[in-house]
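S.K.: Let me begin by handing over the structure; questions about it come next.
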């Protein structure tokens, strides 16, 4: 009898432990360790690459050594094995796997990341290249713009935490276990049982918009930086954008990001050096700072765009579920989110303030354009190289999402598979990739306004993915466990996020329409 009781208790504890270490985390761990966490040293890399789409094990270009090792070692008990759960991972509509890992657990073989490494990736995601637009936000928002930099950090840190809370449910013993793996899974769970896949589609559409708009921003900023670096050249900003796009055409032939990821750490370090150089130059002119220019008034027409710029600079929620599942100590996730967002808030606020104080009303959309011509060209060339090397990350993630939806979604795909039996890319698959590169060029040519595009992206997808959806999902999935102040915070964030999204979107669209008309007549 004692032996039977001991056996049942052992089985119960094993079940709970294995449920927490869901097999999808093993795949994500391997891919992010070999791919994502190399590429993610670029500040937007992780935020742009959603694990559900990059971790597509039947894609020839993504079958890396770690996934092959997974197929060789470790088997799952129960029906379906690995394949039985892959559908659940991708769209969240399939059944949860009843199986448990055997003694040769996959998680034991996959490297996990430390809390410091996780913090490094979050820091790169929220303190990247797009902080160059923050001084322009202070130009139109004054002290309120500085307050919003702090407010956005607090809100995004909180929504990141509650988003992770939505991944867990309590079992019959009151122990929280991880039952979901991604943002898409959370969205689908909120829309179940009537519309089990609608939420995932909404999140995927928002992600595609953010990825494509980010690619456009890289082309725009490359053209802008080159044009302002060599003003004596008889080459327009549009022409420089075309040159940059020509250099990006090889992205259409990418099968994985191994080659690009090798440069990402160097690019990120170079970007931090550039930020330090800008701040050092501003400090050298501290006696000339125009404190009287920083006021409490706001530009009603342009300030909503500034809100979008600030929100966009903090977007990281889309990759947080994968990051938390890949940590050695998930219990330290909250602490990691707090110190990374505090650091980001301080550095962004200081960078935006000292840059605006230095140039005041002459502050440009990309702050490096205000630097003296003697050092502007060197700094801008580094930034152009960084932008071009960063472009493949969101581009590749967008291609993965589109290919999965249009060509590879089992029998539900609209078009036949774009990959042949040997993994070679077919004509229509290549056409999709080339068409996406050309589309980013056309948008950059007709709307070459960095601040407007950044504000639109932040208002449309940033506010939705960072403010609206996390608070809504938290209320829906965790309602029974919420205290009154959590309910208040969630409702307040949802309302504030909705107002910011609508106002920023309307003003950004108005500005884009004006810019588009101007460029048509130009």
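Glycine residues also receive a Cβ, built from the backbone N, Cα and C atoms like all the rest.
TrEMBL lists these features:
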type	residues	note
REGION	70-107	region 'Disordered'
COMPBIAS	72-90	compositional bias 'Basic and acidic residues'
DOMAIN	112-509	domain 'Amino acid transporter transmembrane'
TRANSMEM	144-168	transmembrane segment
TRANSMEM	208-227	transmembrane segment
TRANSMEM	263-283	transmembrane segment
TRANSMEM	303-320	transmembrane segment
TRANSMEM	341-359	transmembrane segment
TRANSMEM	379-402	transmembrane segment
TRANSMEM	430-447	transmembrane segment
TRANSMEM	453-475	transmembrane segment
TRANSMEM	487-509	transmembrane segment
S.K.: The transmembrane segment (208-227): which same-chain residues, six or more beyond its ends, come within Cβ distance under 8 Å?
M.R.: 44, 48, 129-130, 132, 235-238, 240-241, 243-245, 248, 315, 318, 365-366, 368-369, 380-381, 383-384, 387-388, 390-391, 394-395, 397-398, 401-402, 436, 439-441, 443-444, 447-450, 453-454, 456-457, 460-462, 465
S.K.: Six or more residues out from either end of the transmembrane segment (144-168), which same-chain residues have a Cβ under 8 Å from its Cβ atoms?
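M.R.: Result: 126, 134, 137-138, 176-181, 183, 185-186, 189, 296, 298, 303, 306-307, 310-311, 313-317, 320-321, 324-325, 333-334, 337-338, 341-342, 344-345, 348-349, 352-353, 466-467, 470-471, 473-474, 477-478, 486, 489-490, 493, 496-497.
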S.K.: Hey, does the transmembrane segment (303-320) touch the transmembrane segment (453-475), meaning at least 3 C-beta pairs closer than 8 angstroms, sequence gap 6 or more?
M.R.: yes
S.K.: Give me the stretch from 303-320, 341-359, 379-402 with the greatest number of Cβ pairs under 8 Å to the transmembrane segment (487-509).
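M.R.: Ranked by Cβ pairs under 8 Å, first place goes to 303-320.
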S.K.: What parts of the chain pack near the transmembrane segment (303-320), using Cβ distances under 8 Å and only residues at least 6 beyond its ends?
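M.R.: Contacts with the transmembrane segment (303-320): 40, 46-51, 122, 125-126, 128, 130-131, 133-134, 136-138, 140-141, 144-145, 148-149, 152-153, 156, 159-160, 163-164, 183, 203, 207, 210, 341, 344, 348, 451-452, 454-463, 465-467, 470, 500, 503-508, 511.
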S.K.: Which bits of the chain, at least 6 residues beyond where the transmembrane segment (341-359) starts or stops, bring a Cβ under 8 A of a Cβ in it?
M.R.: 123, 126-127, 131, 134-135, 137-139, 145-146, 149-150, 153-154, 156-157, 275, 278-279, 281-283, 285, 288-291, 293-294, 313-314, 367, 370
